[in-house]
Every structure is written in C-alpha cells, then in structure tokens.
Amino acid sequence: MVDQATLDKLEAGFKKLQEASDCKSLLKKHLTKDVFDSIKNKKTGMGATLLDVIQSGVENLDSGVGIYAPDAESYRTFGPLFDPIIDDYHGGFKLTDKHPPKEWGDINTLVDLDPGGQFIISTRVRCGRSLQGYPFNPCLTAEQYKEMEEKVSSTLSSMEDELKGTYYPLTGMSKATQQQLIDDHFLFKEGDRFLQTANACRYWPTGRGIFHNDAKTFLVWVNEEDHLRIISMQKGGDLKTVYKRLVTAVDNIESKLPFSHDDRFGFLTFCPTNLGTTMRASVHIQLPKLAKDRKVLEDIASKFNLQVRGTRGEHTESEGGVYDISNKRRLGLTEYQAVREMQDGILEMIKMEKAAA
C-alpha cells in the first residue's frame, strides 16, 4: 500500500489540478476523480507510485502532457491514466491497438530534402532506448547509474568505421572538453523544470555522459531523459544518409544490449510521447514566407502530422527564423512510416514556401 504522506500529497495535487482553470495538460483532462481513486493506492514492483507519475504535471501547470513513467511497469499499473493520455497524444491508440514490430523499411526510397541547400540547415534523426531490467530516472540509484554507464560506454567503445568515437563522462569533465561540447551544441544540461520535478535529475552528473564519433555526425546521450538517446545528424537535408547511419548504429547497439520493449507499446521510454518507434526525425529549416505567423506555420505542419518547435527544441523560440520541424507520431506506425511522414511533409512545405507570394 501507499503510505499516508504520499496519499496526502496525491490528494493535494489532485485538488490543485482541479482548481487550475487555465491548465490545459492532458494530465488534467484525463485524471478524473474515478481514475484517480482507482489508482492512487497502487505501487509498482520497483516502488513507484502515482505521485512519481504526476508530480511534474502538478508542479508545472503549463505542461502539455504532464506525466512520466517511473518504470516500465507503470504503463500497466497506472494504465487507467496512461492509456487515455497515450490515445489522445498519439492521435488514436485504442486499448486494443498494438504497435507494429520494428521495421526500418527501404532506405533507398528516402531522399535529400533540399539538394539546393536553400531551406534546410541540418537534419537529425534520433531514437530513445531503455535498458532492460532497470527502472527509469526517478527510481534509479547512484549505483545503477554507474553500472549502466559502464555497460553502455564499453559497448560504444567497440563501434567501428564511421561510428568509431569517444565517450565523455560528465563526471570530472574538464572545462575545455565541456566548452567544446557546448560549442558543438552536444552537451545536455541538467534537466529543465519539467524533468527536475519528475525527479529525473537525481545524483547528477553520476552516470551521465556523451559519446560522439570523430565526424560529429553520430551521438549518444547516456542517462539524460532516457537511458539512451541515439542521434544521427549532419548539415544539409540528406535524410537518407542520416537515417541509414542511425539504423546501423541502433542495430549494432541492440545486438549487445537488450532494450526494454513491450508487445503493445513498442520500445519503452520515460515520457509517453516517445513510445513505440521513439523516433524523432527533424530538420532545422527556414521558411520565411510560411513562418510570417508561427500559428499559420503550426497549422500547416499539423496537416502533415508534423510538429514545430523553436530553434533549440521544446519550450524555446525561433532564432533567426529557424524552426525545428519533426514528425509528431511515434506510436502505432513503423520507423519507416515515421521518417516518411517527416520526409513527405517537409517536401510539401518546401513546395508551398516556393509557391507563396
């Protein structure tokens, strides 16, 4: 059973959400009294409670979603809350739906999105992975962080050819290395307030680190928001090359480290928005005519299931007219379909930009 102190915090949090009339999060929308009462006393095998799930959304009433999964089991234990939120966010994922098996597809059908180099500054494809047998951030101990870092860094040190590189632990990092990684926009900072309040930043910087290849086109973040964020990126719009590099890397890592996978939700992640393929294919792009009004840009993008963010990602503004545009759907479709959705949408948006007066 859940202890009284936690229950009191849960009741107070529920009341706060109910009274926050300007809160538009999916948490507030779907955490009804019935749902709340049905799961407030539950606990996972690793000790996670509903408070671990909702505390970030209770603290940050401006959250879009407002919940995180403290461990893999939470998706089932707190299903009455996760299920409707996942269905809502991913544009329809019913209780009977299942995420399809991994399918990278025919890489040769992908193209360079902007061969003339007029619009796209860079292209990036990333996916998140969790290591089997470990909980997610809020439930990890300092020892587990170290153990995971050891497993991952030794796996990455065996990367070959284009993927060969160096692992830089955040613990004890020299100022010079730190500055270089900041200049390259590679260094992740301790989490923002959404992650902080989800308890995703405990024992920082223990167990956290960054691996990148010599060409700086392949990158792995270790124990940031997810256990692993595997990233392929480069300047320009050559999506085919970027995607192919990611596929090679993920398959390579997966052959050595078992990932946390669920028959219904696909690959499991800390945030329910990333479930399934966990894949986010994005471009940094300038579309000055379409972007005269960000709202218009967002409306156009959403027609293609694309999402617009500021230059430096979520919760940021555009700098110099550069936007980050990516696929929104990650669940209920294959990796190939997700990357195709981004490709086809961006090609259409470039066409519209060229045609605009």
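Backbone N, Cα and C atoms are what each Cβ position is placed from, and that goes for glycine too.
According to Swiss-Prot:
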BINDING   G64, V65, G66, I67, Y68, E225, C271, E314  substrate binding site
BINDING   122-126, H185, R229, 280-284, 309-314  ATP binding site
DOMAIN    9-91  domain 'Phosphagen kinase N-terminal'
DOMAIN    119-356  domain 'Phosphagen kinase C-terminal'
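Features recorded in Swiss-Prot, as mapped to the structure shown.
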residue	record	Cβ neighbours (10 Å)
G66	substrate binding site	28
I67	substrate binding site	28
V125	ATP binding site	25
E225	substrate binding site	22
R229	ATP binding site	22
C271	substrate binding site	21
S282	ATP binding site	22
R309	ATP binding site	17
R312	ATP binding site	14
E314	substrate binding site	12
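On the 0 to 100 pLDDT scale, the domain 'Phosphagen kinase C-terminal' (119-356) averages 94 in the predicted structure.
DSSP states for the domain 'Phosphagen kinase N-terminal' (9-91), grouped as helix (H, G, I), strand (E, B) and coil, give 48 helix, 2 strand, 33 coil. Residues S56, G57, S63, F194, A198, P272, T273 surround the recorded substrate site, their Cβ atoms falling within 8 Å of the Cβ centroid of G64, V65, G66, I67, Y68, E225, C271, E314, which are themselves excluded. According to its DSSP assignment, R312 (ATP binding site) is coil.
Calculated from their C-alpha atoms, the gap between V65 (substrate binding site) and R309 (ATP binding site) amounts to 16 Å. Counting only same-chain residues at least 6 apart in sequence, those with a Cβ under 8 Å from the Cβ of Y68 (substrate binding site) are D52, V53, S56, F136, P138, A198, A200, F270, C271, P272.
Fewest other C-beta atoms within 10 Å: among the binding-site residues G64, V65, that description fits G64. Closest to G64 (substrate binding site) in space, going by CA atoms and restricting to the binding-site residues S122, V125, R229, R309, R312, is R309. Mapped onto three states, the DSSP output places S282 (ATP binding site) in strand.
The closest partner of S122 (ATP binding site) among the binding-site residues, by CA position, is E314; the full candidate set was G66, E225, E314.
According to its DSSP assignment, E225 (substrate binding site) is coil.
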